[in-house]
Amino acid sequence: MKILVLNSGSSSLKYQLFDMTDESVLAKGLVERIGLEGSLLTHRPANKEKQVINTDIPDHTTAIQLVLDALTNPDYGVISSMDEIGAVGHRIVHGGSVFTETTIINDEVVAEIEKLIPLAPLHNPPGIAGIKACRSILPNVPQVAVFDTAFHQSMPEVSYIYGLPYEYFEKYGIRRYGFHGTSHRYVSHRAAEILGEPLEDLKMITCHLGNGSSIAAIDKGKVMDTTMGFTPLEGLMMGARSGNVDPAIISFIMEKENLTIKEVDELLNKKSGFLGVSGVSSDLRNVEEAASEGNYRAQLAIDMFYQKIVRFIGAFVAEINGIDVLVFTAGIGENSPQMREAVCDKLEFLCLFIDKEKNKFRGEEREISRPGSKVKVFVIPTNEELMIARDTATLVK
Ligand code: ADP
């Protein structure tokens with residue numbers, strides 16, 4: 001079966017077409033600047049040359065039609081007709097408390113995702129636009145929604161209720177949801193597979209460290225706690241997001257700097273983290289470069305990031321009462337040997353020991369723990385699209 005995986009953003013659309021007989025990617029690509037001037041599609045078919053198509057793309061329906069045209073194009077397409085697409089898997093950011101797993105899309109599911117817009121005002125609307133466009137163009141093809149929040153729904157109440165008046169949880173759904181769930185699920189399953197042990201027998205901490213970063217504590221295959229919360233702002237310090245701060249700081253800064261709600265929101269989401277502390281960049285590569293040239297604040301930002309990772313791993317090991325496996329994934333997790341070494345050095349008290357030579361690499365799947373280490377440490381490149389394709393194939397079968 002061939003499965004189309006879609007990840008719709010407000011002005012972008014990423015896609016991958018999988019052949020599930022061998023899980024190969026037949027083509028992938030990106031539509032950019034939907035609804036804006038200068039919109040374009042970059043289509044990358046496997047074994048054929050990349051195509052860039054510059055054309056007016058006013059909305060998600062046009063974007064998806066364009067993707068389907070590219071996939072079926074006689075020259076640079078990879079399938080002969082749209083009928084070859086057996087199902088479509090959509091990445092949806094917020095599934096609230098309603099969606100605890102991947103779900104076949106029908107009218108009610110669309111209505112439920114729409115009801116969740118207040119919880120993800122920037123992310124769910126483009127997801128819905130993608131679903132609606134696909135349902136109108138491919139009315140007979142099953143559509144599946146895979147939620148970023150779903151894997152974390154196994155968290156117990158003690159992990160997800162905030163120390164706020166309980167009525168806000170009941171009235172507005174203010175609780176911790178967690179994000180990057182598809183990534184945490186993919187790497188935890190993959191780690192168990194590499195080890196050849198059932199997930200149900202393992203205690204794992206998975207670290208998704210990219211522009212946005214989160215850590216999950218997984219016991220017997222179930223998330224027990226995670227660092228992101230009501231929004232992806234909570235937890236670790238990130239590229240441009242503050243992560244945890246004393247909440248009283250927010251009203252204090254608002255008053256001192258005369259900021260509106262929108263401005264303080266932007267401050268916490270776009271001007272903080274590596275960028276805010278270092279003053280250099282939200283991209284760790286640039287911060288590392290500045291630090292190596294002696295930039296004090298750049299080094300401080302890096303040290304703070306490492307320390308927060310260690311802090312949460314320590315807390316989560318205590319919460320799930322042990323650890324068998326530690327996984328690093330995403331842009332920084334996969335590509336920063338310095339980060340992995342610095343973090344693992346602080347975890348030797350857990351009898352976790354890495355092979356520092358084996359750790360010196362970027363972007364591939366590898367075990368980096370030493371033979372005597374009680375805790376197995378893996379670097380596993382994440383693959384959310386493949387997870388979505390697998391879920392979609394399983395559900396429509
Ligand atoms: P997103 O959350 O946007 O998907 P990614 O998972 O792509 O982000 O991660 C982006 C982060 O990964 C950036 O901070 C970038 O600096 C970092 N990164 C990518 N490659 C490297 C590298 N070679 N060394 C250090 N950091 C890297």
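Every residue, even glycine, has its Cβ placed from backbone N, Cα and C.
As recorded in TrEMBL:
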BINDING   Asn7, Glu384  Mg(2+) binding site
BINDING   Arg91  substrate binding site
ACT_SITE  Asp148  active site, proton donor/acceptor
SITE      His180  site 'Transition state stabilizer'
SITE      Arg241  site 'Transition state stabilizer'
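Annotated features taken from TrEMBL, shown on the structure.
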| residue | record | Cβ contacts under 8 Å, 6 or more apart |
| --- | --- | --- |
| Asn7 | Mg(2+) binding site | Leu13, Lys14, Tyr15, His90, Arg91, Glu385 |
| Asp148 | active site, proton donor/acceptor | Arg91, Ile92, Val93, His94, Gly95, Phe179, His180, Gly181, Thr182 |
| Arg241 | site 'Transition state stabilizer' | Gly212, Pro232, Leu233, Leu268, Asn269, Lys270, Ser272, Gly273 |
| Glu384 | Mg(2+) binding site | Arg91, Thr182, Ser183, Tyr186 |
Can you tell me whether DSSP puts Asp148 (active site, proton donor/acceptor) in helix, strand or coil?
coil
Within 10 Å of the Cβ of Arg91 (substrate binding site), how many other Cβ atoms can you find? Include all protein chains, please.
22
C-beta crowding around His180 (site 'Transition state stabilizer'), within 10 angstroms:
30
DSSP three-state assignment (helix, strand or coil) for His180 (site 'Transition state stabilizer'):
coil
Reduced DSSP assignment, Arg241 (site 'Transition state stabilizer'):
coil
